[in-house]
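S.K.: So TrEMBL says this about it:
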DOMAIN    B:128-420  domain 'NADH:quinone oxidoreductase/Mrp antiporter transmembrane'
TRANSMEM  B:33-52  transmembrane segment
TRANSMEM  B:81-100  transmembrane segment
TRANSMEM  B:120-147  transmembrane segment
TRANSMEM  B:159-183  transmembrane segment
TRANSMEM  B:206-230  transmembrane segment
TRANSMEM  B:242-264  transmembrane segment
TRANSMEM  B:279-297  transmembrane segment
TRANSMEM  B:304-325  transmembrane segment
TRANSMEM  B:331-353  transmembrane segment
TRANSMEM  B:374-392  transmembrane segment
TRANSMEM  B:412-433  transmembrane segment
TRANSMEM  B:454-474  transmembrane segment
Amino acid sequence: MESLYAITTGILTACGLFLTLRGRTFPVVVGLTLLSYAVNLFLFSMGGLTTGGAAIIDGQTHFADPLPQALVLTAIVIGFAMTAFVVILAMRARSEMGNDHVDGRKQEEPHR
Amino acid sequence: MMQHLIVLPVVLPLLVGLFLLRSRHGTMRTHRVVGVTATALLVVVAMVMVARAADGEVTYYALGGWQPPFGIVLVLDRLSALMVLLTAVLALGAVVFACAGDDERGSNFHGLFQLQLMGINGAFLTGDIFNLFVFFEVLLLASYALLIHGGGKSRIQSAVHYVVLNLVGSSLFLISVGVLYGATGTLNMADMAVRLSDLPADREGLVTAGALMLLVVFSLKSALLPLYFWLPRAYAAAPAPVAALFAIMTKVGIYAILRVYSLVFGEQAGSLAALEQPWVWWLSLATMVVAGIGVLAARDLRLLVAYLIVVSVGTLLAGIGMGSPAATAALLYYLVHTTLVTGGLFLLAEMIGLQRGKAATRLVKGRPMHHGNWLAGLFFIGAVAVAGLPPLSGAIGKALLLNAAETSQQPWLWPILLATGLAALIALSRAGSTLFWRSHEGEVAGVSLSRSRWLGVGWLLGASPLLVILAGPVSDYTCATAEQLADPDIMVRAVLSNAGESP
């Protein structure tokens, strides 16, 4: 399971980074969202992967670390708020500058 | 009351900020009175905190009564008290200046301003690395909204870059916190310091990776060389009082570097001790060089001041890169000076821009100014202070830094620090002579400047002569702070002894 989990997180991060480096605001926003998903998955695994264990230490040997779950919750809330903000900002930038390029540049005429 | 003192700088702006956002249909006058009063109260609270921390005792506040290392703690030592006081003093100048009309250009200025203060104070006080992340997010979210306060093309455009970069930075912050938690099993910084002293050898690589990723994040916030490109445009585009408050934002990054690496990666960490130093040292020198060129090339007064902030970041981080208590003491003195003076210069640039009509703050020939002599006088004081000429505080700060350099560091630090000082001097004298002397013939025009603008600028720039008069006590305090930082055991014993106050 560990390798599957690691590969998933890695692919999400790679896609997120690739999209973040695009020139239009929409792919950038999607990239940031993917990146925050990858980070949340990563945080979730930082206490070690446990299946079928309760998220509390009650004297038994088999338990899942509860702290990363609390951290992921915080990170999800913050990431969600940030995504909402960035969407609004991107729309505002689109209306103020007349195009959706991150640098506010007009698209160059394509060569024919 | 006294036992809740440590949490006040977080709770007070939070409650005031929520109140101001809630009553957003109230009159502007109420908002101004509440905002200024709350910020003035914050100055008083911060002064009490400095007085309490000055005797060298480290105290902590366990939120909800959960004792460290399990609960969340706010820690008060000399460094955090100094930083909170600095924030409050800077914020008071900025908020008074904003009352002259900048706060009316958009909505919710005062509420967002208070929330930003909450984030900054929290970041300075927290003793927990995940909470550092949370408070970073609080201050960033408020700063995003403040940056686009009033709207306009250039603001929105620079805000897009600023927000996207900082969101990527936040992701990296979370990854590095995750790595450090996975490797050490704790998030409390003092506890992490203890656990690093007997770290299994196979986890050393993991901790190194986490620590260096954290350095990338803090470098982004503090605008170290490869990561500073967002700063000049964002700061030049922000409304003046916001830009003045942003002068402390880069210092939050510097504080985080100082705190995390002196506490967690101190001597007890063995082979991991001071692993950030070579990176910070060389990159900070390079930052100074590049920012010096930027200062010379800037064609706009606000851009010029923004590059002066990058210069100051390079100077301060060079102090961290030197790694001796003497250098830390020097950099803390310089930090107080540079934050207040560059904040004041941003406000002054706005006043000059208001008087020049269309030319605004661009360094071109413009019309003569109303109150030209007073503005020129203030500009002269600010320029002398920020370029580091005697008799003002910049000279003392730089002398302390030059003096703290060890023999092997002198050939690098001395020429670069002095040359950037010269670059700032040339750029500022050129800017000053263009702004005040090379004006068109003609009618003096421009709006008359309200008293609160003069008060705000005077408050911040007046700090420079005051820092000279009080140079003795202030440098004694920063020396004591540096000694306290050099010995992480003090903090570890205070936080993990379970003898602190719980509410």
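Backbone N, Cα and C atoms are what each Cβ position is placed from, and that goes for glycine too.
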S.K.: Same chain only, please: residues at least 6 beyond the ends of the transmembrane segment (B:304-325) with a C-beta under 8 Å from a C-beta of the stretch. Say none if there are none.
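M.R.: Answer is 222-225, 228, 231-233, 235-236, 243, 247, 250-251, 254, 257-258, 261, 274, 276-278, 280-288, 290-292, 294-295, 298, 331, 334-335, 338, 342, 345-346, 349, 363, 386, 398, 401, 404-406, 409, 413, 417, 420, 424, 427-428, 431, 479, 482-483, 485-486.
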S.K.: Quick check: do the transmembrane segment (B:242-264) and the transmembrane segment (B:81-100) share at least 3 Cβ pairs under 8 Å, counting only pairs 6+ apart in sequence?
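M.R.: These two stretches do touch.
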S.K.: Under an 8 Å Cβ to Cβ limit, what residues of the same chain, 6 or more beyond the ends of the transmembrane segment (B:279-297), are close to it?
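M.R.: For the transmembrane segment (B:279-297), the far contacts come to 212, 215, 219, 223-226, 228, 232, 257, 304, 307-308, 310-311, 313-318, 320-323, 409, 412-413, 416-417, 419-420, 423-424, 426-427.
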S.K.: Grab the same-chain neighbours of the transmembrane segment (B:412-433) for me: Cβ-Cβ under 8 Å, and only residues 6 or more beyond its ends, written as numbers and ranges.
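M.R.: Those are 285, 288-289, 291-293, 295-296, 298, 301, 304, 308, 311, 314-315, 318, 322, 363, 376, 379-380, 383, 386-389, 398, 401-402, 405, in sequence order.
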